[in-house]
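Structure first, then comments.
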Amino acid sequence: MANPPKPSLGYSVSTTPSQTNRQTPQSEKSPIPPTPPPTSVSPVAPSRFPPPKLQQDQIPSPSIRNLNFQSPTNGVSTGSLATHLSTPPGPPVFTSPVQPAAVPFRTSPATPQPFAFSSGSTLPTSSPPHFSNGSADLQHQVLNATEDSVPVTNSLCVLFSAHKVLKQKKVANVPSLGFGALVSPGREISPGLQVIQRDPHRCQNCGAYANLYCKILLGSGQWQCVICRKLNGSEGEYIAPSKEELRGLPELSSPVVDYIQTANKRPGFIPVSDSRMSAPVILVVDECLDEPHLQHLQSSLHAFVDSLSPTTRVGIILYGRTVSVYDFSEESMASADVLPGDKSPTQESLKALIYGTGIYMSPMHASLEVAHKIFSSLRPYKSNIPESSRDRCLGAAVEVALAIVQGPSAEMSRGVVKRAGGNSRIIVCAGGPNTYGPGSVPHSFTHPNYPYMEKTAMKYMEHLGQEAHQHNTVVDILCAGTCPVRIPILQPLAKASGGVLVLHDDFGEAFGVNLQRASAREAGSHGFLEIRCSDDIFVTQVVGPGEEAHVDTHETFKIDNALSIQMLSVEETQSFALSMETKRDIKSDFVFFQFAIQFLSFYQADVSRVITIRLPTVDSVSAYLESVQNEVAAVLIAKRTLLRAKGHSDAIDMRATIDERIKDIALKFGSQVPKSKLHRFPKELSLLPELLFHLRKGPLLGSIVGHEDERSVLRNLFLNASFDLCLRMVAPRCLMHREEGTFEELPAYDLAMQSDTAVVLDHGTDVFIWLGAELAADEGKSAAALAACRTLAEELTELRFPAPRILAFKEGSSQARYFVSRLIPAHRDPPYEQEARFPQLRSLTAEQRTKLKSSFIHFDDPSSCEWMRNLRVLPPEPS
């Protein structure tokens, strides 16, 4: 039988020229299914901006009650498994025509990480389901390494869109719903993770790792691979009198294991003590700021250095028309060496800088006072030139920063080069566009050569980001202020290096928090993700912060069909979205997925994290639909959709694609209404239409965010982000304040806007606090409610990166439109539909209902139910 074509990785970097200080999105193709929610957090150092006390998307549990409400940036598109690369598959086929998918570049095969969960509560807590053992066709002397059901305890690394797999190829591959997984390679694993300090046993045929689902011949110690079903030897290690003894081996008892080698074989690296583990951070700061912006920036920078670990080495560079590299050897004053910014620095000037007498990176314990003096010495821009026209040599400044990281970061000690662990970080604090020197564009969009110069600048920035990635350096760009920063030009620099670009209203508190959280993210390097699936399943598309990995394992293993992805960085705030299909009807009772994540850890140890998951197969479509994780499916669909939304016109097309998706799911999986051509959406997927409606009208595809650059920044962030942040960016989480500081979770409908209450709406990158008019009239109650809501907002977003802005406003105010526009307008729905979502409404009198309805700000958007009816699809029956 011919093998299907191999999956192709598409690392699409698409930028849209824009005229405001906003950024560009990425686009992808073909649909994916759902799974439960993980949480992604990044460590935050103590600072003047006190961090909240809970992990992202977690709430102080006793005070919140649930109300029946479930809760890389780069596109890698893959086809199927074959020895030769092939063109990626076409776009999904719906009942009505949709826009063609963007064609990403090709690459080698991959498999997804399988960790399934079932979330039974409204809060994003994931309770892992039990996975049964795989079966193998061996004799009785062959032993399962595990019992029939294995609880997956570390499943936040991998989330599947469904906990079961359909056996029938035709139904399983319906593209409008699809099947897939979200993989978070850098996610922190619980302390119970099994660690093995020896080489793993691997299948000599396909390269898969021995795992708890393997069948083992106790007499000979041979084990059967769950991927290719070949027998392999274990050098006698798996010879045992009983299966109980085998359970003592970590890889045969746990679905997640880490193989760690501390004796690093990489030349130029040696293990370094913990005291030297703080990766260096270089600040590249825009010096062309007006006084109000500069004052906020100085405050944020002072708080930033106060929050750093004493061992963290820091460098400070300012850029304008020149590049000023500050010298920490002068303790009594802020002094800097200055390089011209009109061109890339020459090797001679860099050599003179690096090997001169200056100290350009210094540990905080020795240079904190000097750093404060440097920040205090900054002065506002003096010339009377508009912000967007001031000369800023951002490209030259980043080149100098890279040279300093590569130079002074290496210390010569007895002839051995010691390098700090993890990725170095360059954090750019930008207040305007790069208009001078390498990678610059003209001040004016009307320049006759602007399109060509923009394209050249984007190529330069991408090349600079790739160079940073080669030297294990991540470039984060934090923009603030009202001046356009030309997002399409800056985005390739952040993306290619594995960093992020974030927009802020000003250089105030949110900027300062993100500055701290950007530097505090521990990151691994040299990361690779290998995905292996049972022979019946292949990966068709990958979306995330990675690119094709050119790894030739054919000399080591006979038939290695793993899909290999090179990760730009290894951080827990990132995830990969994998779309999968079946090659043929599945005959076996289980399918297996194995994910191998190889990276160099923050402490310079070689880590191979192996995650093996088994999912049962079913014939029943209803059993499959019941196992679908609506939230994971929605995030996977959203990532595939947004990969193709390169600009505003594409976003409009993608809204139409979501419409077609809803109609197709109802047609393929729903039930036909008697004596009608209408189909009712399947009740097992009752949450999915609401999530996709939020996606359709929200900031990612809708028009509620002011400028296309802002939307493109959000899309790029979304394509790389972890499940937690993605879910909140798709569908906001609505929490109503109750007496005694408790909160009740409600659907994100405008029916929650009751004038005597306060409501918190968490939309990922923004958190809104709305105070009803009656509550706001009582100063005492409103102050207490506002304080409780603000505390909750900080706790919800404590470790989230980027940190969201938190806005509070009263009912009827101008800013209240931010809040209302993100809610589903359900006040026009029939009473029975309103009461199905808000049982509290049943106790309201007719007068109270009229008063409640009159308080709404009316928009033309339909509710989710109206939207479905307009598509000639009946909403799911209320439960």
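Using N, Cα and C of the backbone, Cβ positions are placed for all residues, glycine too.
Residues annotated as compositional bias 'Polar residues' in TrEMBL: 11-29, 55-86. For 31-40, the entry in TrEMBL reads compositional bias 'Pro residues'. Per TrEMBL, compositional bias 'Low complexity' is recorded for 118-129. The feature domain 'Zinc finger Sec23/Sec24-type' is assigned by TrEMBL to 200-238. Annotated domain 'Sec23/Sec24 trunk' per TrEMBL: 282-508, in sequence order. Positions annotated as domain 'Sec23/Sec24 beta-sandwich' by TrEMBL: 526-617. Residues annotated as domain 'Sec23/Sec24 helical' in TrEMBL: 631-727. Residues or ranges marked as region 'Disordered' in TrEMBL: 1-134.
Stretch with the most C-beta contacts under 8 angstroms to the domain 'Sec23/Sec24 helical' (631-727), considering only 200-238, 282-508, 526-617: 526-617. Broken down with DSSP, the domain 'Sec23/Sec24 helical' (631-727) shows 65 helix, 5 strand, 27 coil. Note on the domain 'Zinc finger Sec23/Sec24-type' (200-238): mean pLDDT across this stretch is 92. DSSP assignment over the domain 'Sec23/Sec24 beta-sandwich' (526-617) gives 0 helix, 55 strand, 37 coil.
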